[in-house]
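J.: Below is a structure I'd like to ask you about.
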Amino acid sequence: MVSRSFFFLHVLILFSLAVMAFSDLSDDFYEDVCPKALPTIKRVVEDAIRKERRMGASLLRLHFHDCFVNGCDASVLLDQTATIDSEKTARANNNSARGFEVIDKIKSEVDKVCGRPVVSCADILAVAARDSVVALHGPTWEVKLGRRDSTTASRTTANNDIPSPFMDLPALINNFKKQGLDKEDLVALSGGHTLGFAQCFTFRNRIYNETNNIDSTFARQRQANCPRSGGDSNLASLDPTPALFDSKYFSNLVSKKGLLHSDQALFSGGKTDDLVKKYSKNLRTFSKDFAKSMIKMGNIKPLTGRKGQIRVNCRKVN
């Protein structure tokens, strides 16, 4: 009886280990089933960025906004249907999130070289974000793969969980903590704003109504393209070099030239000031920490094993 119980226990342990191995993300997930997958993603991303440098920031942002809403599961890509509450119309994404056509192109090309849909849309988002950063002279990192795609989306969760450009430091820290990310991750990942642009409505209040923590000349310069009313979608760069991965975003914060309230909140006399200063002076340290935090963010609640699905079309459930 004892030996029989031991046998079943042994089998149970082996089964559990097999499930864990099957479910874990890995850096060689597509090596056997489709070795051309990652080079294909890289090629399409680089082509898109050659056509429009801003696209790199857009693809990075898509991955970020995906992971912060119920994990990195490509829910951000789903269109509205009778049963899908699309995240594309959430406050942070509506008339703002972009790059969906590039993801469609990647999916089409990858499925072609693989011969069938084996690469998930969630993994495409994660790899495209990394390849975008590299294309704009930023660091590289090993993207763990094996995510599967969600069959649901939640505009309500997107409204609640994607950080707002109007947040102060305590709210930002709590927002990131909810995702298992600490204040070091907050500062490093906010450094993604070394790339890209923001719309006027996201920084209008800062440049017209804030006085204590904003350079007055900087505010006047931004007012030239962002009137008190109207022009909501007029763009301003988040740092002086919006298509180059560098540390000028942090130098701007030290000089009180953060475009968004949530950017400047990182350097406003609080517990993240020292890290902002460090990154402003040391691009290598920022790049290393950014890569580390991107890996951590990319591992937020992935669907693996038999959970979710591999979508045929990234915009809709199979």
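Using N, Cα and C of the backbone, Cβ positions are placed for all residues, glycine too.
Taken from TrEMBL, the feature signal peptide applies to 1-21. If you look up TrEMBL, you'll see C34-C114, C67-C72, C121-C314, C200-C226 marked as disulfide bond. As annotated by TrEMBL, active site, proton acceptor applies to H65. According to TrEMBL, the Ca(2+) 1 binding site annotation covers D66, V69, G71, D73, S75, E87. Residues or ranges marked as substrate binding site by TrEMBL: P163. What TrEMBL records for H193 is heme b binding site. Positions annotated as Ca(2+) 2 binding site by TrEMBL: T194, D239, D246.
What does the local environment look like for each feature on the list?
T.: Neighbour list (C114 (disulfide bond), Cβ cut-off 8 Å, at least 6 residues apart, same chain): V33, C34, K36, A37.
For H65 (active site, proton acceptor), the same-chain residues 6+ apart in sequence whose C-beta sits under 8 angstroms from its C-beta are V76, E87, A92, N93, A97, A158, I162.
Of all the Cβ atoms in the protein chains shown, 30 others lie within 10 Å of the Cβ of D66 (Ca(2+) 1 binding site).
Taking Cβ-Cβ distances under 8 Å and a sequence gap of 6 or more within the same chain, the neighbours of C72 (disulfide bond) are H63, D66, A122, L125, A126, R147, M297, G298, N299, I300, K301, P302.
The Cβ of P163 (substrate binding site) lies under 8 Å from the Cβ of F68, A171, L172, N175, F176, S262, each on the same chain and at least six residues away in sequence.
Listed in sequence order, L238, D239, Y249, L259, L260, D263 are the same-chain residues at least 6 apart in sequence whose CB falls under 8 Å from the CB of H193 (heme b binding site).
In the structure as shown, the Cβ atom of D246 (Ca(2+) 2 binding site) sits within 10 Å of 19 other Cβ atoms.
A simple way to gauge crowding: the CB of C226 (disulfide bond) has 24 other CB atoms within 10 angstroms, across all the protein chains here.
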J.: Which one, from the binding-site residues D73, D239, has the smallest tally of other C-beta atoms lying within 10 Å of its C-beta?
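T.: The binding-site residues D73, D239 were compared, and D239 has the fewest Cβ atoms within 10 Å.
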J.: To the nearest whole angstrom, what is the C-alpha distance linking D73 (Ca(2+) 1 binding site) and C200 (disulfide bond)?
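T.: Checking the Cα atoms of D73 (Ca(2+) 1 binding site) and C200 (disulfide bond) gives a distance of 30 Å.
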J.: Of the recorded positions T194, C200, C314, which one sits closest to G71 (Ca(2+) 1 binding site) when you measure Cα to Cα?
T.: C314
J.: When you rank S75, T194, D246 by Cα distance to C226 (disulfide bond), which of the binding-site residues ends up on top as the closest?
T.: T194
J.: Select the most exposed residue of C34, V69, where exposure means the fewest other Cβ atoms within 10 Å, treating these as the recorded positions.
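T.: Selected from the recorded positions C34, V69 on minimum Cβ neighbours within 10 Å: C34.
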J.: Test of understanding: give the count of other CB atoms lying within 10 angstroms of the CB of T194 (Ca(2+) 2 binding site).
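T.: Its Cβ has 28 other Cβ atoms within 10 Å.
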